[in-house]
Amino acid sequence: MNVKTALILLILALATIFALVCVLLIRGRAPSTCQDQPPEQEDTDDGQSLVFADLTPEEMAQVVRYLQGNLGVQLVDASRAKPSDNCIASVDLQVPAKAEVLRFLDGGGARPPREALAVLYFGNQPDPNITEYVVGPLPTPAYHRDVTVQKYRGKVPYHRRPVTGKEYMDINALIQQELRKAPRFLATCCESDGTDLAILTTAPRGFKSGDRATWFVLFHSMAGTGYYLLPVGLEVLVEHRDLRVSHWQLRQVFYNGRYFASMGVLEEAFVASLLEVVRIPKPQTEAVLGSMRPQRPPGSPGPLQYEPQGPRYSIRGNRVTFQGWSIAFGMNPNSGPRLFDIRYRGERIVYELSLQEALALYGSNCPGGMLTRYLDGSFGIGRFAYELVRGLDCPYTATYVDRHYLAESETPKTNQNSLCIFEHDAALPLRRHFSDSQSLYYGGLRKNTLVIRAISTLINYDYIWDFMFHGSGAVEVRVHATGYISSSFLHGQGTDYGNRVGPHTLGTMHLHHIHYKVDLDVDGQLNSLETQDMAYKIVKEPWSMQNTIERLYLRRERLEREDKAAFLLNTPMPRYLSFASPNPNKWGHPRSYRIQITSFAGEHLPASSSMERSISWGRYQLAVTRRKEEEPTSTSIYNQNDPWTPTVAFADFIDNETITNEDLVAWISVGFLHVPHAEDVPNTVTVGNGVGFFLRPYNYFDEDPSVDSPDSIYFSSEQDARACGANPLACLPPAAACAPHLPPFRYGGFLNLSLALPPGGL
């Protein structure tokens, strides 16, 4: 073989190798169907949803600078302010009046001015008070106006202010000072000098308006685990109403079923052997009750949800769109998630859907547990919605959104990745049918849902807030409770109030009640409330007249006034209850949306209770009222510390006004009774601990709108179901062969936290 021939063969061999490599590379690439596709729905919002957008950190900072320079008083940063100082407590969006917003969104009117609501505590004044200012226009404020009296029909007394982190720190210092008066008792009972004990607040703080005295429950504290299951039996009552911290005092002590005037008196009783002490050794890390550390090595990864061609939803600013849905989303630092201008197929269905309050009402034979009625909004449901863990709190490939707030500081804070949005495959048909008679075919539609989620950690409890949007035009709202139970020291007849879940731990029974505002605009603002239910009527058989039958019929009623539309908790309610438009669908029925509630609520606080009016929204599983701009929320952050003279009493909203062809609001309560049990250790699971409600179209459309879904499946016996053209499911294997692009796991949720958290637990 000459050199020329060898060279030609070598070139051919190299060319063959190159071609084979190219083929292998092409085969190794993701097929074209794997490339991200733009969402099916074009975003035509043009920034209109920004009218509902939460304040940016820059806007918050501008408001702070304006207030510092224009109020004529010295302001101390709330993070270090004493009760006798003036400070900015919070800054949040002032949502414009609905009429202004609708003129802008629907009528081509001017954009409402962007404004902030600033809450200030004025402790350094002859008449200390809480004042609320509307500040605007943003981003460069030029005015402020006092809206306190307008909102609350009077001034807000200073004692109603929520307890700040600085106040908790000062209380903690006082408790530590008092604990030093009983060294021998603490060493014996708890193997402690007091400095390593965790302190949990309770609420409310007294028995009458003006009181500010709080029971604090003490627990063993262990790094890396929740202390809530480790009570030592000691509770202390702190009086902290005086504006001078030096005048605060420890008023009473409780230990193992007995009450003492002070820690010194308790120590004297111990030294004199007049006190029965239950010795509770300091827990060991490897055997601590309630530890969440894994007890087995990691297993193989579980199923992973991902989008082969990228997300099918689109997010622009504070607005998300998905298969006909359009939602503006945000977060109130006090009350939590809020949605506005919810539209389906371009029509507004809900103007506002917002969480209002979360109540936890406890029972126990210890003082801290027996009086506790936590109103979580006063602590900060939205403020404590922390960063979500990718792949556990939400799907790994979900979209994560930062939320910003300004509370108890002059500097805005950011909870990164604290809200997630994703499309969820429920692994359940939305609808389906297999035909085995006449003609043979299969038709169905997957239940894919858009989910907006946030999770609030209120010290021990974690609440998962879900807002879900279905292809049938239905909205689903759901809350799950997890996290740690709160406990009491087990003594006496403790099991009358719960179950024993540890050597000295009583899992205390409690009620969860959650309240929502739903401002439905069904085919316009003017709606009526219609009910339908079943009934039987005994009639003779028309074809024989010799026998009778119980004929089932549909009983319809229109509720004309608010009093008729307020359904007390745990009483019968019509099975079908709808917001109805005056306009009919194709078949002559009013276009409507039905409210369907799923709840297992416990009993409401007795009406004779002196604090019942402050949570009077809890009387009702559903109440429908005329919408009023002066009734924006069902409660107030000031109700927690003065429930005996509530700043906002929801019961006053129900005054028997007509609700026919009016702009209406549905106020919905859901909840459940929780009697903790052994399986709540270490944590309460979400299984069975979820409640909520649906907003379902009821004759709103002429047929199920999901018939237009591109995800529909249909094939007959005469077709090859394996053919991609006949059956979209057959197209999935090539698309699902695409490996998802997974971002690296990161978590920064601890970055904004101090290791020395104040004793502000719930």
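Each residue, glycine too, has its Cβ placed from N, Cα and C.
Annotation source TrEMBL lists domain 'Copper amine oxidase N2-terminal' at 72-143.
Per TrEMBL, the feature region 'Disordered' maps to 289-308.
What TrEMBL lists as domain 'Copper amine oxidase catalytic' is 305-706.
For Asp376, the entry in TrEMBL reads active site, proton acceptor. Take the CB of Asp376 (active site, proton acceptor) and look out to 10 A: across all protein chains shown you find 25 other CB atoms.
Cβ neighbours within 10 Å of Tyr461 (active site, schiff-base intermediate with substrate), excluding its own Cβ and spanning all shown chains: 24. The active site, schiff-base intermediate with substrate annotation in TrEMBL covers Tyr461.
According to TrEMBL, the feature 2',4',5'-topaquinone maps to Tyr461.
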Intrachain neighbours beyond the region 'Disordered' (289-308), with Cβ under 8 angstroms and 6 or more residues off its ends: 33-34, 224-226, 228-230, 283, 395-397, 422-425, 484, 502-503, 505, 681-683, 735-736, 738, 740, 742
Average pLDDT across the domain 'Copper amine oxidase catalytic' (305-706), rounded to a whole number: 96
Secondary structure composition of the region 'Disordered' (289-308) [DSSP: H/G/I, E/B, coil]: 0 helix, 0 strand, 20 coil
Asp376 (active site, proton acceptor) and Tyr461 (active site, schiff-base intermediate with substrate), distance between Cα atoms, whole Å: 10
Counts by DSSP class (helix H/G/I, strand E/B, coil) across the domain 'Copper amine oxidase N2-terminal' (72-143): 9 helix, 26 strand, 37 coil
